[in-house]
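**Student:** As annotated in Swiss-Prot:
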type     : residues                       : note
BINDING  : Cys100, Cys102, Cys111, His115 : [2Fe-2S] cluster binding site
TOPO_DOM : 1-35                           : topological domain 'Lumenal'
TOPO_DOM : 59-134                         : topological domain 'Cytoplasmic'
TRANSMEM : 36-58                          : transmembrane segment
Amino acid sequence: MESLSQLVKSTLPNYLSNLPIPDSVGGWFKLSFKDWLALIPPTVVVAGIGYTGYLAFCPAAQARCSATKSGRCNNQIRKHEPKVVDTIDVEDIADKAAFCRCWKSKNWPYCDGSHGEHNKLTGDNVGPVVVKKQ
């Protein structure tokens, strides 16, 4: 407890009072490289506290964080379908090809069915893009 008291009562105030904070706007332009380096640690601490507060209290940040933790690839496209499959007719394809949209295929860009296991684990409905010759 004594070390914490020493930190709060003596060390931290001395550190903050010795920071090269200029008195005017023009003073910021006169700071040396060493002075700018001395200002980096407190700036990082303030930015970290601000970012933590943003994540804790901003509803948009909370929604974005919870959406990425779901493990889903597809969070909004045709969610009412059990599997999203698009067929595109292209004359240059020899017969037909299935292209991966889940980024989990070992044979990417071709689909190897990896989305099936992904869909079971996450409840997602992603499927391949099937391209066939007409």
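Note that Cβ sites are derived from N, Cα and C of the backbone, with glycine treated the same way.
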**Student:** Provide the number of Cβ atoms within 10 Å of the Cβ of Cys111 ([2Fe-2S] cluster binding site), excluding the reference atom itself.
**Tutor:** 20
**Student:** Could you say whether, by DSSP, Cys100 ([2Fe-2S] cluster binding site) belongs to a helix, a strand or a coil region?
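**Tutor:** For Cys100 ([2Fe-2S] cluster binding site) - judged by DSSP and reduced to three states - the answer is coil.
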**Student:** What other residues of the same chain, not counting Cys100, Cys102, Cys111, His115, have a CB atom within 8 A of the CB centroid of the [2Fe-2S] cluster site?
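**Tutor:** The surrounding set, listed in chain order, is Ala98, Phe99, Arg101, Trp103, Lys104, Ser105, Asp112, Gly113, Ser114, His118, Val126, Gly127, Pro128.
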**Student:** Looking at Cβ-Cβ distances, which residues of the chain lie under 8 angstroms from His115 ([2Fe-2S] cluster binding site) while being 6 or more apart from it?
**Tutor:** Cys100, Arg101, Cys102, Lys104, Ser105, Asp124, Val126, Gly127, Pro128
**Student:** Please report, as numbers and ranges, the same-chain residues at least 6 past the borders of the topological domain 'Lumenal' (1-35) whose CB is under 8 Å from any CB of it.
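**Tutor:** Result: 42.
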**Student:** Average the per-residue pLDDT over the topological domain 'Cytoplasmic' (59-134) and send me the rounded value.
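**Tutor:** Across the topological domain 'Cytoplasmic' (59-134), the average pLDDT comes out at 76.
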**Student:** Which residue counts does DSSP give the topological domain 'Lumenal' (1-35) for helix, strand and coil?
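**Tutor:** The breakdown for the topological domain 'Lumenal' (1-35) reads 23 helix, 0 strand, 12 coil.
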**Student:** According to DSSP, does Cys111 ([2Fe-2S] cluster binding site) sit in a helix, a strand, or coil?
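**Tutor:** The three-state answer is coil.
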**Student:** Around Cys102 ([2Fe-2S] cluster binding site), how many other CB atoms lie within 10 A of its CB?
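**Tutor:** Result for Cys102 ([2Fe-2S] cluster binding site): 19 neighbouring Cβ atoms inside 10 Å.
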